[in-house]
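A.B. asks: Taken from Swiss-Prot, the feature active site, nucleophile applies to C146, supported by sequence analysis. Here Swiss-Prot flags R21, R126, R127, R166, S167, A168, D169, N177, H207, I208, Y209 as dUMP binding site. The (6R)-5,10-methylene-5,6,7,8-tetrahydrofolate binding site annotation in Swiss-Prot covers H51, D169, A263.
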Amino acid sequence: MQQYLDLCKHILNNGIKKEDRTGTGTISTFGYQMRFDLQKGFPLLTTKKLHLKSIIHELLWFISGNTNIKYLKDNGVSIWDEWADENGNLGPVYGHQWRSWDTADGRSIDQLKGVIDQIKNNPDSRRLIVSSWNVGEIEKMALPPCHCFYQFYVVNGTLSCMLYQRSADVFIGVPFNIASYALFTMMIAQSCGLRAGEFVHTLGDAHIYLNHVEQVKLQLSRDPRPLPKMNINPDIKDLFQFKYSDFTLTDYDPHPHIKGAVAV
């Protein structure tokens, strides 16, 4: 995935050292965009092996509206462990905002169902938007949303998605985010009778943690390999009916995994 490697090069060549909330330190740039044509393969990084199981289960967890890590733990996914409280709760994070945004007048808005309805019935709308950034509930969240706002675009029978990510951990988080939102776009496209178009990834503070620099350089020394193919069960026409067994990845031939510590 040359787009990702170009991002890494851009940060190493143009980034500025900055302090951060975690105390780790970063090399950071502000404002960057990548585009992925989903008809040209599934954008799962090949310069290091990624744990696709975690990506799929986390996405299904978001879609369900769940904000407790029990489902993730039951399926061998530990990526949210550091932020959960003693009962496994994370507060009103992504899934809650997608499926039950609380309004000031006491109502609850299912943004995800709403945007799917609009894609089907008003595809030319410029309001095909879901936001995770609920200012009134940020302080209740274990971690404010990093990937916080996405918009869909329908043209010529295809569905594209653009994500705005305010904070982008380029070594660990961004490869997961690319694959997750690419798959999400494919799932919604199938649910709406459309083909998947592009995933457009817009980054705000795009950074490499200082303790990841050598790992990023190792990735840059590796040649990217052909992208794999994601096969989705064609019988599922409802986004909320997908399960883990409905996804099969083929032709994935990545370079070996590279370890890196998560900044908490």
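Glycine too: its Cβ is placed from the backbone N, Cα and C atoms.
Walk me through the surroundings of each of these features.
C.D. replies: Of all the Cβ atoms in the protein chains shown, 18 others lie within 10 Å of the Cβ of C146 (active site, nucleophile).
Under the DSSP three-state reduction, H207 (dUMP binding site) is assigned to strand. Within its own chain, H207 (dUMP binding site) has I11, G15, K18, D20, T26, I27, S28, T29, S167, A168, D169, V170 as residues 6 or more apart in sequence whose C-beta sits under 8 angstroms from its own.
Other Cβ atoms within 10 Å of the Cβ of D169 (dUMP binding site), summed over all protein chains shown, number 24.
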A.B. asks: Given the dUMP binding site residues R21, R126, R127, R166, S167, A168, D169, N177, H207, I208, Y209 in the record, what is the largest Cα to Cα distance, rounded to whole Å?
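C.D. replies: Greatest Cα-Cα span of the listed binding residues: 36 Å.
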A.B. asks: Reported as an integer number of Å, what is the Cα distance between H51 ((6R)-5,10-methylene-5,6,7,8-tetrahydrofolate binding site) and Y209 (dUMP binding site)?
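C.D. replies: Y209 (dUMP binding site) has its Cα 20 Å from the Cα of H51 ((6R)-5,10-methylene-5,6,7,8-tetrahydrofolate binding site).
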A.B. asks: Would you kindly give the Cα-Cα distance separating C146 (active site, nucleophile) and R127 (dUMP binding site), rounded to the nearest Å?
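C.D. replies: With distance taken Cα to Cα, C146 (active site, nucleophile) is 21 Å from R127 (dUMP binding site).
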A.B. asks: How would DSSP class D169 (dUMP binding site) in three states?
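C.D. replies: Looking at the DSSP assignment, D169 (dUMP binding site) belongs to a strand.
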